[in-house]
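J.: Got a structure for you, written out below as structure tokens; questions coming shortly.
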């Protein structure tokens, strides 16, 4: 075997195709994608401003919700602007390091969002199943440690992916049939054995996310068991409505993410453009809907938003221009 066969070669740039097979519809697809992205960024930013400025929302539940909003903004911003640049400007090129960075952030945000949803489930479990101990269990030092654990776990799980990609030689093609870089899609372009990439890139994050799902399911089973034993119907309704928004967000995150991952791994008969279209919707639809769901179903946020608009109206009427 010659030395050149062992040389690790990284192309200067990768070429992102967008959505192969739907090139003629790129402009039309970009319109709803852009609108959903703007809605996601504005909605989550507004939600964060509300939580930061309203003292009544300075509670662990809303702290975790603000973490979820930051994660949603980062997830969609990591992927959607590049996809829009491909659709509008035909800016298909992405340098190798930028591609690896995009891989890292896409997967980190996925694992982090799952952990944040678990933390929110734990918050609701303590609030409903042990309400008298809530302030003693979820103190701010504990909440900060949970937040640090979420960031650390997400980073440590995905950081090896960088080295798994950088060790690969790319000598076949630099064309990525996708609108953004993701781990296995890039690894499949390598002219080397990618078994480790497949097993680590698919198994480790999924195992951690499945563990999160199991713990969330256990938490909500105990929550429902407690709720249905409450003596008052009003108390049951209040407890269920408190958890309703969180449960909707859980479904919006896990159902499309698992469907996308499983079809990408096992759905060989599904056309490639369907895979990629689902992947694009996954990184923008849940971030768009999360603030809407919380805004509609969470009474404290509705009251804060109404108070905000009332103050703005008063200020506009009192100003000389009003």
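A Cβ is built for glycine as well, from the same backbone N, Cα and C atoms used for every other residue.
Any TrEMBL annotation is an automated prediction that lacks curation.
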J.: Transmembrane segment per TrEMBL sits at which of 169-189, 274-294?
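T.: Of the candidate stretches, TrEMBL labels 274-294 as transmembrane segment.
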J.: Quick one: which of 3-22, 103-122 does TrEMBL have down as transmembrane segment?
T.: 103-122
J.: According to TrEMBL, transmembrane segment applies to one of these ranges: 225-243, 244-262. Which one is it?
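T.: Residues 244-262 are the ones TrEMBL records as transmembrane segment.
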J.: To the transmembrane segment (25-50), which of 62-91, 142-165, 198-223, 244-262, 274-294 is linked by the most Cβ pairs under 8 Å?
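T.: Comparing 62-91, 142-165, 198-223, 244-262, 274-294: 62-91 has the most Cβ pairs near the transmembrane segment (25-50).
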J.: Out of 62-91, 142-165, 244-262, 274-294, which stretch has the largest tally of CB pairs under 8 angstroms to the transmembrane segment (198-223)?
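T.: It is 142-165 that shares the most Cβ pairs under 8 Å with the transmembrane segment (198-223).
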